[in-house]
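Chemist: Before I ask anything, let me first share the structure, which is written out below as structure tokens.
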Amino acid sequence: MLREIVARQDWQTQAITAVNRLPAHTPLFSWRSEAAARDDLASPSRTLLDGEWRFSFFEAPELVPEHWLVEDLPDACAIKVPGNWQLDAAYPGLRLATDVPIYTNIKYPFPCDPPRVPAENPTGCYSREFSVPADWLASGQTRIIFDGVDSAFHLFCNGRWVGYSQDSRLPAEFDLTSFLCGGDNRLAVLVLRWSDGSYLEDQDMWRMSGIFRSVSLLHKPVRHLMDIRVTPELDACYRDGRLKIALQAANGAGLSVAACLYDGGERVATLRQPIGTQAIDEKGAYDDRAECWLEVAAPRKWSAETPHLYRLTLTLLDEQGEPIESEAYDVGFRAVEIRGGLLRVNGQPLLIRGANRHEHDVASGHVVTPAAIEQDLLLMKRHNFNSVRCSHYPNHPELYRLCDRLGLYVVDEANLETHGMTPMGRLARDPAWSNAFLERVTRMVARDFNHPSIIIWSLGNESGYGPAHDAMYGWVKRADPSRPVQYEGGGADTPATDIICPMYARTHQDQPFPAVPKWALAKWIGLPGETRPLILCEYAHAMGNSLGGYAHYWQAFRDHPRLQGGFVWDWVDQGLDKLTDDGRHFWAYGGDFGDTPNDRQFCCNGLVFPDRTPHPALFEARRAQQPFGLTLLERQPLTVEIRSEYLFRETDNERLQWRLCEDGVVVSQGECPLTLAPQGSMMLTLLERLPAFAPGALAWLDLAIVQPAATPWSAVGHEVARQQCMLPAPLSLPVARTPATFIELADGWQIRAAASEWRLDKASGRVQSWCKLGREQLKEAIADHFYRAPLDNDIGTSEADHADPNAWIARWQEAGLNELQHRCLDMVVSPDQGVVTVHHGYFVGDALKLLTRWRHEFDQDGAMRLAIEVQVAAEMPSLPRIGARLWLTDEVLATGEEVSWLGRGPHENYPDRLLAADLGRWQSPLDVLHTAYVFPTDNGLRCDTRQLQLGSIEVEGLFHFSLSRFSQQQLAQARHQTDLVAEGGLHLCLDGFHMGIGGDDSWSQSVRPEYWLQPGGYYWNCVLR
């Protein structure tokens, strides 16, 4: 039998997507009492088959022996289900060196020849024994449900073929009733790594295989509920509700259904209705279906802010009114519509604070547990996200249940992407693939229909545009008129989308690509005849050290009502845990498993690291998206305005806390409750008079809105919003200075003052030694610094085998920034004034590219005052930084001693990503100043610093700084954090100016021009003590 089944090669026939698979439906549990269904108790009718299975591997399905159907093979090993076999420690797949995790963004991981896939098609053979209760065998129907198998599989039970399925992200359900026997039953599942379905699953993610979601058995009585779709409706005033229930029953003649709606423990609506419908057409009515409505006066509404849920139970009753089985669903009363060019929930226009989320676990790959899903969603809620896009496939069922309960809007997306096709829409225009396309959305809608959190259906991602999408759109709009549909392919504004949903369109700049232009956002919504809302399905590419310019998007969203937000790309770095040869853990990306083709670290685009530790960029997103506006109105008296962006919630759990600070020291503080209606505002006077601030001081007002009580997603004292408002202080007067003592040497100058002694080298013009209390502070001379270890956004290309000549790294290399030759052009020493002035030239060949003038003032109190002018040649590109580098000795910072600074913090920040980095007096251990991005780059900058205390060294002025055990050169050469080796000493970068990091995308020059360091003149200064 196995030979005949394999010989059919269903897995490379696009017209065959399944054989004997049951129709898709909403989740079923077959509770045998209405009370159990109401209380969501474990159902005895459902049994999990997760756990240890047996596993054998073959290089192709044709090599699997026939007798595997009835007995395990000698080489079979234990394997965990759910799991990806490439990540299972017991997997003996080293026999096929290419069967490893593969990361590729666009390219198919095999030759592109649809619907054919390679003959060398890794095949996993899963098996296990199970038994079922005797009463299951006696009557009713026993089903098996595979929640997710990648990419296709044949199912056998007790040596007999049951069926076939593909589409790795939706359930495959089969009727096992006729295959079962008493005692032990044997399941055998032949899983193929590649299938024609793989051409439709070309998402930007790791490609791995296996039974990666749960497997379960479900027993249903002979007469049972087959499918139930629940549609909440609100009247035109969004006050009263009605619940439409459409259901289908097997063998339903003479039966009836009882529906009960509960609000907590209170029953609020009931009805009983016989199975059967009114006449549908001239041929009559359905005898296995029913439609009914529950009227509910003034129900509590569901939204992401107020996720109130009712519980609906449906009980199938026999002719005598006795219960047969019950099903139940969480219900949220909410209305989704597009009206007046705006996406609305319950009449109010939304602002989508969204994230794209892949299902990814650092250890188990595509296997995500309910606890891990909850961790992600709680982090999102705590960082002011209100929406999640299931990119790019239907998710684990638990995600939707939790979004219903915690309060997050969901874009549910079909498992469809053909990014690697040329043209991208090739398959969408081929009628032979139409059914495969359509089925991907119809089955998703069937499974997820009842979740109130789902407010938008998505037809998939990056699959071009063709008649298949029109068919998908038309089917969804007919099957579910209660939700809009979106689809980005074909230019983001085709007839197959209700929402303009571009990816990586910019606030300020047109990108006129052929066939699929991306207009500047405000321009797009103003195009003639365009009335749809615009919501970015992807924006702010958070790859490594990124998210520069994020605040500009949020200013645009608030300035233009039809710009209704978007979904950051993306939530988590898709790094996988791997060991170095010497046993150290690191996060692997494309190529680290020997996988080809690969797109390197392009899988690491997250706001959180693989272990869910936040990137510094996550704090920027939280601040930009916060649901309150806080504005300083007047200084005398100190008056602020608070504006709520909540659409549905009153501020019943929010208090305002405020602090008045001078140079980081709190001089006054207080708090008060907030009583704001939804979208309301209020003014508060905090102080009648401001205190007098010291001359030259930094003074500011910190405002924070906190929740005094815990919520289902936050702890006591959770901070929802924060704002810092600068306050004026008198200017300080310059202090008279006394020059230090100068001693001329043969090759330089020695300067002594207080506890410090410096040596200037005549040949280089640089400070090459600095002793304090007899201890050397420098490992090499202080020098100009113009380079940074390239960021992912600087590298600028997502393709592993293409260089991008317009990328910043390429432009810097072309300009010779990596090979500048230094010459001291002149040095003028004025001992009586305590001043040394040096001109430095930086050349590529004979061409002068950079000219700097360093004015050193050495004071008797031990201070070296630096005033630095920089002239950048006209032909140079924007520089990454303009500053100075100091390689300090280890003695500068004692073991365990912390670094403190007065400036922006506490987390890493850059000139175009500092909205959330408040001024303060911060302290941090040295190692915390280093941000360990999966792919090492420049990191750890702190901007707008006035004072830096680094052990024995103090720096004053206005500068940015970073401090690391690793040089920029080592960071530039490393590929993983485990490649970094402490070089001895500390690398201190003091920057007068630093170019932005960008982040609109990671494959073009995404740094906004106002954050470039253009050719021209620059001046900065600082004081070293």
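Heads up, the Cβ atoms here are built off N, Cα and C, so glycines get one too.
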Chemist: Do you know which of Asp204, Asp991, Asp1000 Swiss-Prot groups with Phe602, Asn605 in the Na(+) site?
Modeler: Asp204
Chemist: Out of Trp922, Trp1003, Trp1012, which is the one Swiss-Prot records at the substrate site of Asn105, Asp204, Glu462, Glu538, Tyr539, Ala540, His541, Asn605?
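Modeler: For the substrate site that includes Asn105, Asp204, Glu462, Glu538, Tyr539, Ala540, His541, Asn605, Swiss-Prot also lists Trp1003.
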Chemist: Excluding Glu417, His419, Glu462, which residues of the same chain place their Cβ within 8 Å of the centroid of the Cβ atoms of the recorded Mg(2+) 1 site?
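Modeler: In sequence order, the nearby non-listed residues are Ile106, Asp202, Gln203, Asp204, His392, Thr418, Gly420, Met424, Gly460, Asn461, Ser463, Gly489.
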Chemist: I need the nearest neighbour of His419 (Mg(2+) 1 binding site) among the recorded positions His358, His392, Glu462, Asn598, using C-alpha distances.
Modeler: Glu462
Chemist: Of these recorded positions, Glu417, Glu462, which scores lowest on Cβ atoms within 10 Å?
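Modeler: Minimum Cβ neighbour count within 10 Å, taken over the recorded positions Glu417, Glu462, occurs at Glu462.
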Chemist: I need the CA-to-CA distance for His358 (site 'Transition state stabilizer') versus His392 (site 'Transition state stabilizer'), whole Å please.
Modeler: 7
Chemist: Tell me the Cα distance separating His392 (site 'Transition state stabilizer') from Glu462 (active site, proton donor), rounded to the nearest angstrom.
Modeler: 10
Chemist: If you draw a 10 Å sphere around the Cβ of His392 (site 'Transition state stabilizer'), how many other Cβ atoms fall inside it, taking every protein chain shown into account?
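Modeler: Neighbour count, Cβ to Cβ under the 10 Å cut-off: 25.
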Chemist: Which number gives the other C-beta atoms within 10 angstroms of the C-beta of His419 (Mg(2+) 1 binding site), all protein chains shown included?
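Modeler: For His419 (Mg(2+) 1 binding site), the 10 Å Cβ neighbour count is 19.
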Chemist: Would you mind pulling the DSSP three-state label for Glu462 (active site, proton donor)?
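Modeler: The residue in question, Glu462 (active site, proton donor), is coil (DSSP, three-state).
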Chemist: How many other Cβ atoms are found within 10 Å of the Cβ atom of Asn598 (Mg(2+) 2 binding site), counting all protein chains shown?
Modeler: 23
Chemist: How many other Cβ atoms are found within 10 Å of the Cβ atom of His358 (site 'Transition state stabilizer'), counting all protein chains shown?
Modeler: 24
